[in-house]
Amino acid sequence: MVIYHRKVVFTYVRAKRFYHFLNIEMVTDFKSLLPVIDISPLLAKCDDFDMAEDAGVVEVVGKLDRACRDVGFFYVIGHGISDDLINKVKEMTHQFFELPYEEKLKIKITPTAGYRGYQRIGVNFTSGKQDMHEAIDCYREFKQGKHGDIGKVLEGPNQWPGNPQEYKDLMEKYIKLCTDLSRNILRGISLALGGSPYEFEGKMLRDPFWVMRIIGYPGVNQENVIGCGAHTDYGLLTLINQDDDKTALQVKNVDGDWIPAIPIPGSFICNIGDMLTILSNGVYQSTLHKVINNSPKYRVCVAFFYETNFEAEVEPLDIFKEKHPRKETSQVAKRVVYGQHLINKVLTTFANLVENS
């Protein structure tokens, strides 16, 4: 039997309007519960050259390794982003989605807008099936021609709504904080894989790209309406900011069962994506997840995707191939150009948008 860690740690999960206190000492697997990781010791030392020698960092790194190996999803607390900001992001997102449809269409997503902007319910497809959500899609902005012919598909400014008025400024501040947080979590993951804290920050993350999906899931009167079909995230690392009072995100565990990602106020849910699977030489596997909002209430989720450089040729890093050699030839070893991979995903997801544009 593997014990998570020896120190008794208590955290909370909000469910059915009350708090259950969980003794993490007793959690020996993640078959019904996602791990909760306080990363504050990591953040306190993240800019120190000798951070890997700090006892607090070592403990966090061990937890990250266990979570990434066993489930690929975990809650992040102690992340340094204020509850006020996290809640304000969700509050103003609700305000946008409550607007009349005609108002939301002012920032309609189109191919000529670089696939940036608002999409109505049913425009997004996962594995060929319609998803029952509406969303605003945003990407890191870049100068025309910066990424050559591949990048032309996504060229253009993000389309931020004029109502709420402060939304653009709020979200740009939030994006910067999520970018910094993601970089620091990846330093811990790099240590967990046996490298230095900075293995990802050379040719892979010198100029990191990002994607943000601001998603609204309507309340339903029938069960098991698929808000977003089962998928893995195609990027590097995801931070999910979800409503505190509705459980809709489900994660597939090692036994093939779907377990709920019950909201913890003030936390992020973090999960690894396909690019990290490749870079880690398959040590960490991206995990299938889906969204089913069985609540009659409207639910919002703001998902921030931290990515490699747009033009990065993603393949297993040498240090991780050395630390974690693989005997078999697998898909993991194949090189992927991130930007092309992203464009392929966008064009597949919005194939109908292309046809009808």
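Numbering starts at 1 and runs along the chain as it is shown here.
Cβ coordinates are placed from backbone N, Cα and C, and glycine is handled just like the others.
Bear in mind that the values here come from a model prediction, so they are computed numbers and not experimental data.
Residues annotated as domain 'Fe2OG dioxygenase' in Swiss-Prot: 208-308. Positions annotated as Fe cation binding site by Swiss-Prot, on the basis of sequence analysis: His231, Asp233, His289. The 2-oxoglutarate binding site annotation in Swiss-Prot covers Arg299, and the record cites sequence analysis as its basis.
Taking the Cβ of Arg299 (2-oxoglutarate binding site) as centre and 10 Å as the limit, one finds 26 other Cβ atoms among all the protein chains shown. Other than the site residues His231, Asp233, His289, same-chain residues with C-beta atoms no more than 8 angstroms from the centre of those residues' C-beta atoms, the Fe cation site, are Ala230, Thr232, Thr238, Asn271, Gly273, Ser286, Thr287, Leu288, Lys290. For the domain 'Fe2OG dioxygenase' (208-308), the predicted model reports an average pLDDT of 94. DSSP assigns His231 (Fe cation binding site) to a strand in the three-state reduction. Neighbour density at the Cβ, taken as the number of other Cβ atoms within 10 Å, is lowest among the binding-site residues His231, His289 for His231. Every protein chain shown contributes to the tally, and the Cβ of Asp233 (Fe cation binding site) ends up with 22 other Cβ atoms within 10 Å.
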